[in-house]
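Visitor: Take a look at the following structure, please.
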Amino acid sequence: MAVGMVMKADEVGQYNYRKKITVFVVLSCMVAAMGGILFGYDIGISGGVTSMDSFLKKFFPKVYRRMKEDNKISNYCKFESELLTSFTSSLYVAGLIASFVASIITDSFGRKPTIIAAGIAFLAGSGFGGWGYNVYMLILGRVLLGVGVGFANQSVPLYLSEMAPPTLRGAINIGFQFSVGTGVLMANLINYGTQKIEGGWGWRISLEMAAAPASVLTIGAIFLSETPNSLIQRGADHEKTKKMLQKVRGAEDVQAELNDLIEASNTTKTIKKPFRNILQSNYRPQLVMAIAIPFFQQVTGINVIAFYAPILFRTIGLGESASLMSAVVTGSVGIVTTFLSMLSVDKLGRRTLFMSGGIIMFVSQIMVGAVLAAKLGDEGVISKGWSYIVLILICIYVAGFGWSWGPLGWLVPSEIFPLEIRSAGQSITVAVGFLFTFIIAQTFLAMLCHFKSGIFFFFGGWVLVMTVFVHFLLPETKNVPIEQMERVWKGHWFWKNVVGEDKDKEVI
């Protein structure tokens, strides 16, 4: 084909099939997004089972006795236990380490094998958890689940972003967070049902049920096709990649996008050490976002709500069943707002959702902190009316997160990295997320005990900081083809002074 006939991209960076999405892509992304359901299920299930009397009595008897019999201890301190937090947070340590291993597999063997490995680890973890007879067996199960989460969170967002057409990439990638929310809701509903089983063994069903979506992910992933980006990165011939690209895009004329993939692949081949290469100044904006976005996502406090919601609701005086149902309500709100975000992100843009969601979260968290400071002391309980006001405010907070930082915390990092550092960048994103999830999970019950209602002012302050950060430092990435993303940094008021024109770019 003559050079003049090759359409690389138009002036706004689009290809000629801008609005098209194929059934093949939809089905592939639905299977891949099952990794999100498993992540959400693992987040939601731990908070539910650790609020069940039968589970606490068997594995954490000191916490159970403190909750039932010790009337002198502060309401905010009843659940403080290093062993209990180790059960919850062990998943995230394993996930942090696994994400770096997953990066090597993703680069060397492709996105598909990494997703399959995630499913197998999930299956093993659910077995150890459901059949655990002591707390150490439970923690081993959580570690295996963490390996699965690390592999899935590293590979699935990349898979979704690479399979999606540029103008629908936001909506399709947000399918991952929608799946996470679905998994949390599933866990909350199952916990609510199994808590009512007589005999005190319902928690086993809650932990074992992770095997169901894990089976779907493992079997479904076997039939997934590899992304065109991964094919060409690993040396597939251009004709094979072109055929896959035509299948994915549902169009014959894919030469423009193929040219971008070839160019990105050629750059990739010159880089032997992507984790060192990402430290260069021309990749500085991506590195900052790879660290800042997952850090900010965790200090919103959302995972506190996700895995400790039933405990939090018991702290303010709701009973076991009411606490689990309240977690179902908040989970449902999160799913609805994430779905609305999915419909809006490619029209309104990433920055609009970040800013509006940040304002909603900040206001609602300050109000929750104020209500608890005024109405809940160290002893006694808050009135039922104020309990429901707190529940409503937490639902508003969850709505703000589901609209913004929930889905965009996964979308933006997965779409900003050039191919040569994409897997390394995603690993850093996942690892930072796991690191701070672990820190918060490990310290939250102690923080709740010492900060009391001030815990919500603490997280609210961070929400204010991250909203200002987005306003000044995050450029809009809406509708920009993934292999042309570097132009948004060169056009940004601040980052253009850092990246320059291939400033300091070296081959390492």
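Quick reminder: no glycine exception, Cβ is built from N, Cα and C everywhere.
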Visitor: Out of 83-102, 143-162, which range is noted as transmembrane segment by TrEMBL?
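Guide: Based on what TrEMBL states, transmembrane segment spans 83-102.
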Visitor: At a Cβ cut-off of 8 Å, and with pairs 6 or more apart in sequence only, do we get at least 3 pairs between the transmembrane segment (83-102) and the transmembrane segment (386-406), yes or no?
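Guide: Answer no, regions not in contact.
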Visitor: Residue list, the transmembrane segment (114-133) vs rest of chain: Cβ under 8 Å, 6 or more residues beyond ends.
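Guide: Long-range Cβ neighbours of the transmembrane segment (114-133): 32, 34-35, 38, 98, 102, 105-106, 140-152, 154-156, 159, 204-205, 207-211, 213-215, 217-219, 221-222, 224.
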Visitor: How about the transmembrane segment (352-374) with the transmembrane segment (454-474) - do they touch, taking at least 3 C-beta pairs under 8 Å (6 or more apart in sequence) as contact?
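Guide: Since 3 or more Cβ pairs under 8 Å link them, the transmembrane segment (352-374) and the transmembrane segment (454-474) do come into contact.
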Visitor: Between the transmembrane segment (386-406) and the stretches 21-41, 172-193, 323-345, 427-448, work out which stretch tops the count of Cβ pairs under 8 Å.
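Guide: It is 323-345 that shares the most Cβ pairs under 8 Å with the transmembrane segment (386-406).
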Visitor: Is the transmembrane segment (21-41) packed against any residues at least 6 beyond its ends, judged by a Cβ distance under 8 Å, and which are they?
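Guide: Distal contacts: 115, 118-119, 122, 148-149, 152-153, 155-156, 159-160, 163-165, 168, 172, 175-187, 209-210, 213-214, 216-217, 220-221, 223-225, 247-250.
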